[in-house]
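Scroll down for the structure; my scribbles are underneath it.
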Amino acid sequence: PSPAATGPAPGPPDGGWGWVVVFGAFISIGFAYAFPKGIAIFFKEIQGFFGTSYSEIAWVSSIMLATTYGAGPISSILVNRYGSRPVVIFGGLLCGIGMVSAAFCTSILQLYICVGFITGFGLALNLQPSVIIIGKYFLKRRPIANGLAMAGSPVMLCTLAPLNQFLFDNFGWRGSFLILGAILLNCCVAGALFRPIGAAKASVKTQSVEEGKEVLKIEVTKDAMEMNSSTNVPVESKTEEEEAKDCCEKVNKYLDFSLFKHRGFLIYLIGNVLMFLGFFAPIVFLAPYAKHIGIDEYSAAFLLSILAIVDMIARPATGIIANSKWVRPRIQYFFSFSIAFNGTCHLLCPLASGYTGLVVYSVFFGLAFGMVCAMLFETLMDLVGATRFTSAVGLVTIAECCTILLGPPIGGTLIDTFGDYKYMFIKCGAVMVLAGTFLFIMNYYNYRMLAKEEKRKAKEEDPKSVRTENEGRNNWNKETVQDGPELEPLTEEQEGLKKDVNGT
């Protein structure tokens, strides 16, 4: 069809059905982030059932989190190919299948596969599409929409922590896994709300265009076969090279590897990879730590609820602050401060000896955790833009999965080695303070370099016309000076005529 028939691409509506999409993202993101933390309620009992150590049982959450992040590129490719709606629905089905099958596991290795890989992959198919579709529906109000959607994690954590303890007391961990598998099927309902923008008209037009392209391809291949049969020229080597190029172009279409030349993206990637080494371990071990110092099970689970309630308030509030005219131009500094503040809370956690101290720690930890999560994807979109955001999310998540995978087991190893939880909290706090400091310094350097590049561009664009005009005038004057001796006879004749006229 002609460009007039297709019309311009629809822009972000910044409202309308977008708020329903935010609600769907609220559910899917909430399960993706909260479920690996909420399942830690069962770890102490599963550890006693299978007779495993702290580090071995911590692999369940770490494998789930690493799969959720490591499958980011696969999720991004599927979203680019099929859209967010079918990907999230399929992810919800995988989550349900993984948890139901985990209820029949007879070894810790089977739990790694069912809970870690299958459920983790399903959560990955919930996380990335939900974040990507918000960027398509919102532009001006994007920080607020991201903050509201990311608030699903604390709300789900606040609900899942006491619910898991209730399910365990009444049905055991096997029966609880069956019920949780059915609850995770609600992600399919959330995915059904992700309506594509302008899908009805675009689908008919793209089908007609694709049909026309297929007819043209068939005709071209027939002509090529006829030419090859008549001339007997070998074309096999050319087709193989073209196929290799087509594969590279397709991969680069779904994942933009040129982002590794982007200075801001590399700074963000290095800082986040370092941060995730100590980001999730304190949440995974908070309830077991409370039980270790003699606090009852429901009070230990309530610490996660306190953390989630504060987190639930902190995320939308952070989104509103980040959207203000004072913070949004320098949102990377705010993100760096949030990471360093999070690490400081972990460094001070060993000072909390009783239940009151752990409640205070949970309040500050929930505030810092909500600040980081609310800006986690907003800062990435601020650096690379909405068009390259899908590829950036996939590349970032696959790089982060290594430290996410190692974080909780390293913390469990420290607990097994020293018999005390404080070394785990100190390790996580030191790593996050280091990551926040690195991001603050490098973002300051990045902002300065961007300002210099803008000034350089302005100098190159503005004085160009003035310089060319001056150079042209100088060249014209030089040419007239050089041609002066050739024009001397004409000037003498003119002076003679002037004298004759004056004489007459």
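Here the Cβ of each residue, glycine as well, is placed from N, Cα and C on the backbone.
According to TrEMBL, the features are:
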type	residues	note
COMPBIAS	455-472	compositional bias 'Basic and acidic residues'
COMPBIAS	485-494	compositional bias 'Acidic residues'
COMPBIAS	495-504	compositional bias 'Basic and acidic residues'
DOMAIN	18-447	domain 'Major facilitator superfamily (MFS) profile'
REGION	455-504	region 'Disordered'
TRANSMEM	16-36	transmembrane segment
TRANSMEM	57-78	transmembrane segment
TRANSMEM	90-123	transmembrane segment
TRANSMEM	144-163	transmembrane segment
TRANSMEM	175-194	transmembrane segment
TRANSMEM	265-286	transmembrane segment
TRANSMEM	298-321	transmembrane segment
TRANSMEM	333-353	transmembrane segment
TRANSMEM	359-377	transmembrane segment
TRANSMEM	389-411	transmembrane segment
TRANSMEM	423-447	transmembrane segment
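When Cβ-Cβ distances under 8 Å to the transmembrane segment (16-36) are tallied for each of 144-163, 175-194, 333-353, the top count falls to 144-163. The stretch in 144-163, 175-194, 359-377, 423-447 that contributes the largest number of Cβ pairs under 8 Å to the transmembrane segment (333-353) is 423-447. Beyond the ends of the transmembrane segment (359-377), by six or more residues, the same chain brings 33, 131, 146-147, 150-151, 153-154, 272, 275, 279, 282-283, 286, 303-304, 306-316, 318-319, 322, 331, 334-335, 338-339, 341-342, 344-346, 348-349, 352, 393 to within a C-beta distance below 8 angstroms of the stretch. The stretches the transmembrane segment (423-447) and the transmembrane segment (265-286) are in mutual contact, each linked to the other by at least three Cβ pairs under 8 Å (pairs 6 or more apart in sequence). Listed as Cβ neighbours of the transmembrane segment (265-286) (distance under 8 Å, sequence separation of 6 or more from its ends, same chain) are residues 36-37, 40, 43, 58, 61-62, 65, 69, 259, 300, 303-304, 307, 336, 339, 342-343, 346, 349, 358, 362, 365, 369, 372, 376, 379-380, 383-384, 392, 395-396, 399-400, 402-404, 406-408, 410-412, 415, 421, 424-425, 427-432, 434-436, 438-439, 442-443, 446. Sequence-remote contacts of a segment are chain residues at least 6 beyond its ends whose Cβ falls under 8 Å from one of its Cβ atoms, and for the transmembrane segment (298-321) they are 34, 37-38, 41, 143-148, 150-151, 153-158, 161-162, 164-165, 283, 286-288, 290-291, 327, 334, 338, 355, 358-359, 362-363, 365-367, 369-371, 373-375, 378. Residues 55, 58-59, 61-63, 65-77, 79-80, 124, 128, 131-132, 135, 254-257, 259-260, 265, 268-269, 272-274, 276-282, 284-285, 377, 380-381, 383, 424, 427-428 of the same chain lie 6+ residues outside the transmembrane segment (389-411) yet bring a C-beta within less than 8 angstroms of a C-beta in it.
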